[in-house]
Amino acid sequence: MNPNQKIITIGSISLGLVVFNVLLHVVSIIVTVLVLGRGGNNGICNETVVREYNETVRIEKITQWHNTSVVEYVPYWNEGTFMNNSEAICDVKGFAPFSKDNGIRIGSRGHVFVIREPFVSCSPTECRTFFLTQGSLLNDRHSNGTVKDRSPFRTLMSVEVGQSPNVYQARFEAVAWSATACHDGKKWMTIGVTGPDSKAVAVVHYGGVPTDVVNSWAGDILRTQESSCTCIQGNCYWVMTDGPANRQAQYRIYKANQGKIVGQTDVSFNGGHIEECSCYPNDGKVECVCRDNWTGTNRPVLVISPDLSYRVGYLCAGLPSDTPRGEDAQFTGSCTSPMGNQGYGVKGFGFRQGTDVWMGRTISRTSRSGFEILRVKNGWTQTSKEQVRKQVVVDNLNWSGYSGSFTLPVELSGKDCLVPCFWVEMIRGKPEEKTIWTSSSSIVMCGVDYEVADWSWHDGAILPFDIDKM
């Protein structure tokens, strides 16, 4: 075959392949059109149908592709609307894990803040973990001495729930060594307490900017909840303490609307002590279970009405839930008086379920280790000892710490009741371990309609860190 014949042959083959390729594309287009025609889509490949609902909480987005429909639920919230939060608490049978940040494990090699007092609060579209930093990172020399509660370096910051308190995702909220935060449906409100012990100031932030202040009125370490405040129909409520930690102090309830204080009430509680209240909305009121750092091993209860009237007493249950505490068998409960005659204490929580109560406590009676939650029949209204459910969250071989409450709003959960949730802080480092620092991580649990098995969701960091060996 001469060169000209070779060129003609190669050209003919190439032309044939091109024609064949064009025919394949034509067939593919015809088949696609026929398939779409059978699907009844009138030839539209992608169609988005938006359906409006009476509740402005979701958009139903239907994407049709060939003969398959994919339904996505897109969260939507009108930011010009206050949350209701006047619903009742859901009745639950157990608590399932919601999130765990593993901050200390990650912080051995990551840029994670040294923190204490983490807590969770939710808006209509998200939950966030708030925490008080020490202005330093784990495994860094500035972490030395961070066992101290109050310093000018402490700040309130937040991340999306489940994230570690890392420098890349954290959002600054306030300068604070004591704090609370909550969302009214429109914006976040945070309260950060800072300054000298005798003249501390609480700065109210709304939407990220300062809007009001509370100055210390007793001159003795003004402090607040270290957990979520509570917003109901646009008004937000929180509790503050000023005065001694080991004898009679002074207590106040505050009410704010869009970051401006619109009311306050002194709580008369002679012989009782209130600190670090864990509050939540229930049936249009604010229910708080607090810490008695003076004498009681039972917990103070404060129920706040929208007009700032209140009822104050103690959790009636015949089982103690503070730490340190005595034996369960030797404890007799009281709805009105401190019982147990044990000083000191730890922040804790409880949830009313009708006349029952879910109450959290450390497993150890003498130290902040282990954590369990008990349901006590009629424990909200009577000195009952009858446990109808118990769930272990952290075993007694591992450290725990503070614990507190919050709820999932109906706008977020899609339920017609408020889902009760709690968090448990797991403190590591000083004073119990040989480190130069003190920090914590947390596990978060939310109520479900099923019983949940015992397990230990403990911190799990291996100590000491490199900085502790220098």
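Placement of Cβ uses the backbone N, Cα and C atoms for every residue, glycine included.
What Swiss-Prot records for this protein:
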- 1-14: topological domain 'Intravirion' (TOPO_DOM)
- 11-32: region 'Involved in apical transport and lipid raft association' (REGION)
- 32-86: region 'Hypervariable stalk region' (REGION)
- N46: N-linked glycosylation site (CARBOHYD)
- N54: N-linked glycosylation site (CARBOHYD)
- N67: N-linked glycosylation site (CARBOHYD)
- N84: N-linked glycosylation site (CARBOHYD)
- 89-470: region 'Head of neuraminidase' (REGION)
- C90-C417: disulfide bond (DISULFID)
- R116, R150, E275, E276, R291, R368: substrate binding site (BINDING)
- C122-C127: disulfide bond (DISULFID)
- N144: N-linked glycosylation site (CARBOHYD)
- C182-C229: disulfide bond (DISULFID)
- C231-C236: disulfide bond (DISULFID)
- C277-C290: disulfide bond (DISULFID)
- C279-C288: disulfide bond (DISULFID)
- N293: N-linked glycosylation site (CARBOHYD)
- C316-C335: disulfide bond (DISULFID)
- N398: N-linked glycosylation site (CARBOHYD)
- Y402: active site, nucleophile (ACT_SITE)
- C421-C446: disulfide bond (DISULFID)
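What Swiss-Prot annotates, mapped onto the structure for a quick look.
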| residue | record | DSSP (3 states) |
| --- | --- | --- |
| N84 | N-linked glycosylation site | coil |
| C122 | disulfide bond | strand |
| N144 | N-linked glycosylation site | coil |
| R150 | substrate binding site | coil |
| C182 | disulfide bond | strand |
| C229 | disulfide bond | coil |
| E276 | substrate binding site | strand |
| N293 | N-linked glycosylation site | coil |
| Y402 | active site, nucleophile | coil |
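Long-range Cβ neighbours of C446 (disulfide bond) (same chain, at least 6 residues apart, Cβ-Cβ under 8 Å): F95, A96, F98, L408, V419, P420, C421. Other Cβ atoms within 10 Å of the Cβ of C279 (disulfide bond), summed over all protein chains shown, number 29. Helix, strand and coil residue tallies for the region 'Involved in apical transport and lipid raft association' (11-32), in that order: 22 helix, 0 strand, 0 coil [DSSP].
In sequence order, R223, Q225, E226, S227, T241, C290, R291, K347, Y402 are the residues of the chain that are 6 or more apart from E276 (substrate binding site) and have a CB within less than 8 Å of its CB.
For C236 (disulfide bond), the nearest neighbour among the recorded positions C229, C316, R368, judged by Cα separation, is C229. Counting other Cβ atoms within 10 Å of each Cβ, the lowest count among the disulfide-bonded residues C127, C229, C335 belongs to C335.
Among the binding-site residues listed here, namely R116, R150, E275, R368, E275 has its C-alpha nearest to that of C417 (disulfide bond). Considering only the binding-site residues R116, R150, E275, R368, N293 (N-linked glycosylation site) has E275 as its nearest partner by CA-CA distance. Only N398, of the recorded positions C127, N144, C279, C316, N398, have a C-alpha within 10 angstroms of the C-alpha of R368 (substrate binding site).
The recorded positions near N84 (N-linked glycosylation site), taking a 10 angstroms Cα-Cα threshold over the set C122, N144, C231, are C231. Comparing C335 (disulfide bond) with R116 (substrate binding site), their Cα atoms are 31 Å apart once rounded.
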